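**Q** Let me give you the structure first, and then I'll get to my questions.
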Amino acid sequence: RKCCSSDSLPSSSKREWKPLEDRSCTDIPWLLLFILFCIGMGFICGFSVATGAAARLVSGYDSYGNICGQKNAKLEAIPNSGMDHTHRKYVFFLDPCNLDLINRKIKSVALCVTACPRQELKTLSDVQKFAEMNGSALCSYNLKPSEYTTSSKASVLCPKLPVPASAPIPFFHRCAPVNISCYAKFAEALITFVSDNSVLHRLISGVMTSKEIILGLCLLSLVLSMILMVIIRYISRVLVWILTILVILGSLGGTGVLWWLYAKQRRSPKETVIPEQLQIAEDNLRALLIYAISATVFTVILFLIMLVMRKRVALTIALFHVAGKVFIHLPLLVFQPFWTFFALVLFWAYWIMTLLFLGTTGSAVQNEQGFVEFKVSGPLQYMWWYHVVGLIWISEFILACQQMTVAGAVVTYYFTRDKRNLPFTPILASVNRLIRYHLGTVAKGSFIITLVKIPRMILMYMHSQLKGKENACARCVLKSCICCLWCLEKCLNYLNQNAYTATAINSTNFCTSAKDAFVILVENALRVAAINTVGDFMLFLGKVLIVCSTGLAGIMLLNYQQDYTVWVLPLIIVCLFAFLVAHCFLSIYEMVVDVLFLCFAIDTKYNDGSPGREFYMDKVLMEFVENSRKAMKEAGKGGVADARELKPMRHSGLPRTGKNL
């Protein structure tokens with residue numbers, strides 16, 4: 001294999017065409033750029049650790065810049081700095097409930113103490129007794145324990161009374177209140193239905209008591225998702241037509257009801273109507289007429305679309321059937337969401353940890369209150385933005401790697417005539433090709449998505465900050481821009497996925513692959529529309545089915561649990577997890593269907609089933625092609641196959657048997 005060659009797949013009329021037999025490295029400059037960017041991310045983490053941020057984050061520090069649990073150096077012009085806190089390992093806040101949500105910190109003096117108060121301290125005498133018994137002074141360093149009850153400054157230098165019972169946070173040595181009721185006013189913004197602390201306690205106790213049931217229901221959703229993927233293969237034909245008929249009948253029924261209501265309202269006598277309500281009745285009648293006309297137009301358009309696409313729905317059914325076979329031959333595809341999720345969790349954990357390091361890095365600066373804050377000055381203060389861009393780009397890169405891996409494995413399956421000759425692990429073979437040849441393509445595709453996400457996130461932040469302050473015109477413009485960027489992001493995501501498939505077939509760079517994939521999608525727009533409407537609707541109903549089944553099982557199980565009365569939160573957790581699992585599994589199914597369609601398009605372009613130009617496709621797809629040809633012959637079109645409207649990519653690297661393009 002010749003790596004980094006500019007040639008694509010070599011043409012040959014003497015051997016069977018196997019698109020994945022020869023590879024060439026693609027988009028190497030983008031791979032180098034991505035590597036440099038990751039090195040920059042590593043520099044940010046290393047800088048924050050090297051400047052002492054790791055110790056300040058894990059051990060904590062007081063308001064004078066002293067790190068708890070160690071000896072500290074004296075800071076110039078800052079009182080109470082340079083203290084020996086070897087035996088004071090915990091950070092204690094004098095007013096732990098005074099939170100500043102805007103600046104994301106506790107607006108309170110922080111001290112290093114020997115132990116956290118495990119019981120509520122109601123008076124200064126209790127605080128003094130705690131200091132004498134445990135050797136943990138909870139008041140300022142300038143105040144001795146013997147002066148807690150006599151000094152006039154005790155109300156300022158000692159904690160706010162009553163001192164709530166607290167416990168150290170594992171690994172981070174902060175004293176946090178055991179009773180979270182002091183955070184209630186901030187939680188109300190997030191949990192509006194919690195009107196009192198007792199409700200919150202009942203919800204939390206419900207989750208803790210039903211943790212075994214929650215775990216069992218989560219496993220049930222996992223099993224149901226895997227079963228559904230098998231069932232779709234065998235009932236895809238019936239399921240698609242049932243859904244199509246239900247949609248048509250629903251639209252016809254809704255339109256009929258609207259016209260019936262309009263006719264009934266129009267025939268009703270107006271003499272009995274009170275004059276004050278006459279205008280309201282006329283407005284309702286006019287609204288019913290508008291609704292009925294709109295529903296009629298929608299039904300007619302829907303019926304015409306179904307009429308035009310009725311033959312193309314058969315391709316969706318065939319692709320779903322073949323996708324089921326793909327999962328039988330490539331069982332490791334089922335576990336692909338797990339590896340991707342695991343990689344994302346690892347990266348997000350690293351990102352959050354580095355973010356916390358950045359929050360405590362920099363040089364000590366005295367603020368207006370005379371306390372110490374750590375801030376980064378100069379160009380390094382913009383590391384935050386670099387870190388945020390890294391979150392988006394690397395996350396998208398991981399997701400793109402999944403798409404490229406799935407595309408490579410499915411392409412291998414499709415273009416292997418004898419399925420017994422498949423590689424032992426096509427998924428691992430696809431991962432190997434990804435790492436050796438196509439990381440640059442994945443980096444470029446994910447960067448394009450990042451370029452669209454960042455402006456949309458900035459606009460969303462501006463919209464949230466200006467909420468209630470901007471005029472109607474500015475609000476409309478902001479929402480329109482956010483909506484347009486969201487639509488552009490979805491379109492690019494779909495195009496990227498098909499570009500990765502084209503790269504897996506042709507070994508071309510990202511731009512060439514995206515252009516070739518775009519040509520196919522445009523020239524086969526009706527078939528793409530059928531696959532993405534009917535197919536996506538089927539998968540959506542599958543997700544709803546799994547969530548409803550898991551939720552119903554949860555209601556039945558939780559109904560017999562008498563240890564608590566509120567099981568709303570456990571049920572919500574179960575349903576959210578069920579939807580997440582179903583989305584992960586069925587999204588892989590959808591991805592496989594899209595890859596199969598692109599392979600099918602190429603197959604019907606370069607082969608016609610004649611000797612020497614046999615199809616690679618499965619028998620189910622072959623039957624679809626033959627049925628299309630018969631239908632065209634019966635229509636008197638001279639045997640022009642319906643598949644001729646499939647016009648896949650024209651590229652010199654794609655050979656046809658007999659002669660080169």
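Any Cβ shown, glycine's included, is placed from N, Cα and C.
Per TrEMBL, the features are:
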- 28-50: transmembrane segment (TRANSMEM)
- 213-232: transmembrane segment (TRANSMEM)
- 238-262: transmembrane segment (TRANSMEM)
- 288-307: transmembrane segment (TRANSMEM)
- 313-334: transmembrane segment (TRANSMEM)
- 341-364: transmembrane segment (TRANSMEM)
- 384-415: transmembrane segment (TRANSMEM)
- 537-558: transmembrane segment (TRANSMEM)
- 564-586: transmembrane segment (TRANSMEM)
**Q** Sort out for me which stretch, of 28-50, 213-232, 288-307, 384-415, has the most Cβ pairs below 8 angstroms to the transmembrane segment (537-558).
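**A** The stretch with the most contacts is 213-232.
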**Q** Can you work out which residues elsewhere in the same chain, 6+ from the ends of the transmembrane segment (288-307), have a Cβ less than 8 Å from its Cβ atoms?
**A** 244, 247-248, 251-252, 254-255, 258-259, 261-262, 265
**Q** Return yes if the transmembrane segment (313-334) and the transmembrane segment (384-415) have at least 3 CB pairs under 8 Å (sequence gap of 6 or more), otherwise no.
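**A** When sequence-distant Cβ pairs are counted, the transmembrane segment (384-415) touches the transmembrane segment (313-334), since at least 3 lie under 8 Å.
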**Q** The transmembrane segment (341-364): which same-chain residues, six or more beyond its ends, come within Cβ distance under 8 Å?
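**A** Residues 41, 44-45, 47-49, 51-54, 56-57, 61, 65, 75, 78, 372-377, 383-384, 387, 390-391, 394-395, 398-399, 584 contact the transmembrane segment (341-364) from elsewhere in the chain.
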**Q** What residues elsewhere in the chain lie close to the transmembrane segment (238-262), defined as a C-beta under 8 angstroms and at least 6 residues from its ends?
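**A** Residues 232, 285, 288-289, 291-292, 295-296, 298-299, 302-303, 306, 313, 316-317, 320, 534, 537-538, 541 contact the transmembrane segment (238-262) from elsewhere in the chain.
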